Each structure stands twice: as structure tokens, then as C-alpha cells.
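Please read the structure below before turning to the comments.
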Amino acid sequence: MTIRPVKKKWLGLVTVFLFFSPAYFARATAIVTPATGGSSISADTTGGAYTSLTGPAIAEGLVSEINTGTIILNVPSGFVFDTGGTAPTVLVTRIAGSGADTRNINDVPSGTSIAVTISTTQITFTVTGATSNGVRNSLTWQNVRVRPAAGTPLASGNITKTGTSAISGITNGTSNFGTLTEVVGATSELVVTTQPSADATTGVVFSVLPVVTVRDQFGSTVTSDNATTITRTAVLSTQLCGGTAGSGILSSTPAIGAVVSAGVMAYTAMQYSATESIKICFSSSGITSALSTAINVTEVPDTTAPLAISNLALSSPSNSAMVVSWTAPGDDDSTGTATTYDLRYATSVITAGNFSSATAVTGEPAPSVAGSSESMSVSGLLPSTTYYFAIQTSDEVPNTSTISNVPSLTTTLDTGDSPDDGSVASSGGGGQPTTATFSGQAYPASTIELLRRSFLEDIYHVTPTESVSIKEDGTFEISQAAILSAEYFYILQVTDKDGRKTMMSFEANLLHQSNFTVKDIFVPPTLALVHTLLTRADDLQLIGYGAPGSTVEMEIDTIPQKETELLDEKGYYVLTKSITKLSVGAHYVRVRLVDKDGRKSDFSATRAFKKSLLAASRADFNNDGAVNITDWSVFLFRWGSEDPSLKSTVDLDGNGVVDIFDLSVFLNKIEI
């Protein structure tokens with residue numbers, strides 16, 4: 001290859017090209033190297049130690065690019081320069097060119113540190129002479145120290161330049177000479193940033209759940225903290241942290257000892273088991289604790305009224321009285337025991353609107369446990385008159401039920417001096433002792449009691465009987481002698497061999513006759529339910545006793561059912577009914593007997609049962625027919641309880657141990 005010499009005219013063009021090329025112009029402006037070391041300045045250094053910076057620095061791209069005048073570095077808002085200790089200087093360094101020192105900035109040798117003037121907000125350097133004759137310099141600030149002016153709010157900003165020295169490519173007040181960032185200090189205290197609800201109920205998750213944050217000494221959240229563990233304790237509302245503890249159990253999610261996330265503990269569940277006013281102390285080792293505002297914890301308010309009675313029934317009318325019977329509802333709907341009954345009657349239909357104006361009955365029985373049979377005799381009625389009855393039930397609050405169904409029945413004619421039906425007229429004179437005799441069909445191995453009260457009494461008494469005869473097949477005769485002439489109400493109470501009872505009532509007018517006889521009594525069967533809370537998959541099972549050889553029939557909610565059973569020689573029966581077609585909720589069942597001749601007994605006492613939506617009703621802790629988030633709250637509270645009897649209620653698999661398997665059973669049943 002032959003290398004030809006470059007002609008002169010091309011050398012000139014190359015020189016011009018290089019002079020005006022982009023690379024040449026890119027190097028024609030000064031370069032700022034921002035100060036480093038200020039990207040994470042702790043708020044804890046406020047008023048204390050300063051943070052040392054490296055730089056900043058300016059390097060010339062052209063000769064005389066740093067012009068004479070002042071170069072003022074301004075600290076960003078929220079920070080201050082250190083005016084004590086080793087004073088800052090500016091180091092002059094030759095980066096290009098040669099020749100005398102007088103060609104350097106301020107005519108000083110390369111490597112010279114020049115003094116500056118400093119205040120808490122500015123560092124001022126004065127350029128008295130620029131570079132010349134092909135020499136370029138750099139300026140490097142040394143011993144610059146800063147710290148935050150305040151611990152909060154956290155400051156951040158850039159060091160900027162002002163002053164009279166014009167520097168190509170650098171804009172006063174804009175160009176960045178170093179970024180300073182104040183960061184949160186070390187963990188110092190816990191703060192309740194969301195207070196729990198002021199009012200709560202026992203065993204129910206607080207309506208407002210607390211949020212606790214970890215903060216530094218200036219109140220900034222330590223968002224970098226993922227290690228602090230928090231303990232929470234309930235103290236009486238008059239106490240501080242470490243004071244007298246509450247008497248109940250405080251449970252929460254997350255539990256005691258949980259770790260914060262980004263400096264925050266947000267509780268998703270919290271509840272308390274005792275009725276008292278408390279505060280919650282949140283604490284962690286080595287930092288200041290936090291105390292919540294007061295929480296007034298009360299019992300769950302009772303807003304549930306007793307279930308309206310739907311099977312109020314009238315029977316055994318006389319010319320001045322009749323028997324009223326019904327099934328006891330509960331304190332809350334169909335569970336528990338109510339407080340009072342309000343039974344009323346009128347000679348026209350009773351409605352909710354006129355219930356209070358109907359005649360009130362006195363002497364109602366105290367309510368029995370839900371599902372029990374209740375009855376009483378109401379006297380003082382007019383003969384041959386139709387009466388309507390209704391009843392309401394109240395609990396202790398009182399929450400009062402709606403009115404019951406409204407049955408009606410007519411009293412008998414006034415018989416005057418003639419004996420009542422079923423009695424035998426006396427041939428004796430007035431004033432002599434009288435006799436009452438009852439006979440009929442009961443059950444094998446049963447016992448019979450005769451209760452009596454006079455027209456002027458409110459309470460029935462067990463009466464001494466002259467003779468009682470009960471045969472093996474259950475036929476009986478019972479009599480009472482030496483009764484003073486008066487009007488009486490009798491109850492014949494029959495108890496089967498397993499202790500279940502049934503009763504019938506009679507009115508005996510012995511003012512004008514000496515003997516009262518009732519024959520061919522067909523005693524209603526006894527009735528018990530094997531289970532009163534049934535799931536969708538369960539059958540209703542009825543058991544009891546009746547007259548041997550008769551057939552037992554059933555009604556559910558007053559609707560006759562096709563299922564029947566013939567009683568054996570012992571009079572015992574078991575009657576099974578599928579409930580798949582019944583609606584969810586409370587229902588009522590009663591039974592009666594039909595003998596081989598078609599004679600029917602009165603109905604038994606009515607029993608209540610409830611059909612639940614659940615496949616596993618034990619998980620329905622509040623008995624509302626569903627397993628939902630409310631039951632989840634109860635489950636968690638009882639799971640964490642230190643009371644063995646309370647904790648045992650969440651043993652859902654029935655193995656005697658509360659463990660992870662019970663949680664699995666619950667999660668299988670919950671409906672979200």
C-alpha cells in the first residue's frame with residue numbers, strides 16, 4: 001500500500017471540522033460532580049453530629065470557563081452547614097495545560113486549598129482570577145458538613161449555586177451540586193394512630209380496630225422496621241401501662257408478639273371477654289409504650305323478643321271456665337326461658353291493635369323453658385258465650401313478642417241445678433260430703449295424680465285420694481271423697497314410666513250434687529323429642545307412651561301428617577318424620593291417639609323444634625341458623641380462652657381436645 005502525503009488544503013478542512021464537531025462542543029461546558037454522602041441523613045442527628053460530604057466539584061471544559069466573581073453554595077431548606085470544626089476550603093487543581101501558576105484560578109499553584117466564608121445556609125468562594133493560556137482547572141469543596149435543622153418534617157433537596165461567577169453550562173439556583181435527604185431516626189416509641197372503638201360488647205370484634213405504628217423520637221413512622229414485636233395488654237381504664245390488669249381476656253389477630261410490617265401493626269380482629277371499662281397498653285422492648293383511649297365493654301344487648309306463640313289452644317269449656325294451653329317460647333326467639341306471659345280474652349276477635357284493651361287474665365304461670373307445655377284454667381266467664389284468647393310473651397328487658405294466634409271457644413249453657421255432663425246426679429241433700437271419680441284409659445306402669453282448686457283459689461293442690469286403681473293395661477279409676485260442696489277445677493296429671501307428663505282438666509259443680517263422675521277418659525299420649533335442634537339431614541323423632549293397641553297420629557304446625565304408629569302392649573311408641581320439606585326455623589308438633597273403634601284422644605302438649613340450615617349445627621355459636629363471620633369471631637375468641645369450659649365449646653370434632661382439627665371442621669362449615 002502507498003501512503004500519500006496529505007495536502008495542505010485538506011489539513012485546514014480537518015482542523016475546521018474538528019473545531020466545530022459536536023464532541024468539541026460537548027466538552028465546551030463545565031462539568032459538575034455533585035457532593036455525595038448526603039442521601040441518608042438520620043433525623044436523630046438534628047442538633048447533634050454533622051454528616052460529612054465529599055465534594056462537590058466543578059471541572060472546566062474550556063479555558064477561563066469559571067469566571068471571576070463569587071460562587072455561593074446554598075444548603076437546601078431543612079438543613080444547615082457546620083460553621084464550627086475544621087473550616088471548609090476549595091481545592092484548586094490543574095487538569096490541563098502547562099506553564100506558570102499565574103495561569104491557574106486565583107494565580108495559585110495546583111493543589112492549593114483556598115479559604116471560604118461560611119454561614120449555616122451558605123458557603124462563599126471568591127474567584128479573583130480565571131485560568132488562561134490553555135490551562136484548565138477544577139474546584140473541589142472540602143470539609144463540607146451538614147445536618148437536619150429539624151427532626152420533622154423530613155427534609156430533602158439539592159445544594160444549588162448562586163453568586164456572580166458565570167460558569168458555562170451551570171444555572172444559578174437550578175444546577176444540582178448534591179442531593180441531601182433526611183431519613184427517619186431509630187425506633188423510639190409506639191403510637192396508637194387509630195384508636196379502638198369507644199364502646200364494645202363482650203365476645204364481639206371491636207367495630208373500630210386499633211392501628212399501632214413504630215415512630216422515631218420526632219414522630220415519624222419507621223417504615224424500614226420489620227422486626228419490632230408488639231405485646232398488648234388490657235388494663236383498667238383508670239390505669240396506665242403496667243397498672244391493674246382487666247379481669248377479662250383480650251384476644252386479637254395478629255396475636256401477642258406479632259411483628260410489625262413497615263413499622264405498622266394493623267389489627268384485623270380484637271375483642272374482650274369481660275364487662276368493664278379498659279384501655280389497651282401496646283408495648284415492645286426498649287421503646288416507649290402506647291396506651292389507647294378508654295373502651296367501655298358491655299354485654300351484648302338483648303334485642304331479640306320471645307317467639308310469638310302460634311299454638312294457643314282452648315279446651316274443656318264449662319259454663320264459666322275453659323282451659324287455655326300453649327307451648328312456651330324462649331327468652332330469645334325459641335331458646336332460653338322468658339319472663340312473663342300476658343294472656344287476654346274478649347268476646348270479639350283480638351288483634352295487635354286492640355290487644356291492650358282486652359281483659360287481662362291474672363295468675364298466668366311463670367314461663368317454663370322453651371318447648372315446655374303450659375296451661376291454665378280461666379274462670380269467671382259467662383255461659384253460652386264465645387271467647388277469643390290471645391297471649392304475648394316478654395323477656396327481662398322487656399322485649400315483647402307479637403300476639404299469638406287467636407283461638408275461640410264457646411262456654412256451655414248454664415245447667416242450673418242439673419248435673420254436668422259426665423256426672424251422676426246425687427239423691428242426697430245439700431251440704432253433705434261429696435265424691436269425685438275419674439276413670440278411663442292411661443298407659444301401662446303410669447302414675448296418676450289428682451290436682452284441685454276451688455273457684456276462689458288461684459293455685460292447684462295435690463288432693464288426697466280415697467282410692468287409686470291402675471291395671472297393667474293402663475286402665476284406671478281414681479276417686480276423692482269428703483269434698484265440701486263447691487265449684488272445683490280438677491287436673492288429672494298422668495306420668496308415664498319415663499317421667500313424661502300429660503294432663504286433662506275438668507270443672508265440677510258440686511254445689512247442687514254430691515257425686516261427680518267422669519268415665520271413659522281417653523288420656524292423651526305423652527310426647528318427647530329425641531332432638532329439638534335438627535339439621536337438614538336429620539329426622540324428627542318422637543317418643544312417648546299411650547294406650548296399648550291404639551294408633552298415634554301427629555300434627556306439625558297444626559297440619560296432619562301421614563306417619564302413624566300402632567302402640568305395642570307396653571304402650572310405647574317411636575315416630576319418625578323426615579323434615580326435608582319443612583322450612584328453616586321453629587316448628588311445633590303434637591300427637592294424639594285413635595283407638596280401634598275410631599275414638600280420638602285430646603292432643604298431647606305441643607313441643608317445639610328448630611330446623612337449621614347447617615350440616616354441623618355445633619359451629620353455629622349464636623344459633624342464627626348459619627355459620628358466618630360472627631361465628632368466626634366467637635370461634636377465635638373461645639379458641640384463645642384460658643377458661644377450659646368456654647374453650648371446650650369449640651371442640652367441634654368431639655374428641656375432647658381443642659386443636660387444629662377443630663379449626664378445619666369450622667372452616668369446612670363457614671359460609672362466606
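A Cβ is built for glycine as well, from the same backbone N, Cα and C atoms used for every other residue.
Note that TrEMBL annotation is computational and uncurated.
Sequence annotations record features per position, and here TrEMBL assigns compositional bias 'Polar residues' to 400-415. Long-range contacts of the compositional bias 'Polar residues' (400-415) within its own chain (CB-CB distance under 8 A, at least 6 residues past either end) are made by residues 305-315, 317-322, 326, 329, 342, 349-352, 355, 381-394, 509.
Confidence for the domain 'Fibronectin type-III' (308-414), expressed as mean pLDDT, is 91. Here TrEMBL flags 308-414 as domain 'Fibronectin type-III'.
Residues or ranges marked as region 'Disordered' in TrEMBL: 400-439.
The annotation signal peptide is assigned in TrEMBL to 1-25.
According to DSSP, the compositional bias 'Polar residues' (400-415) comprises 0 helix, 4 strand, 12 coil.
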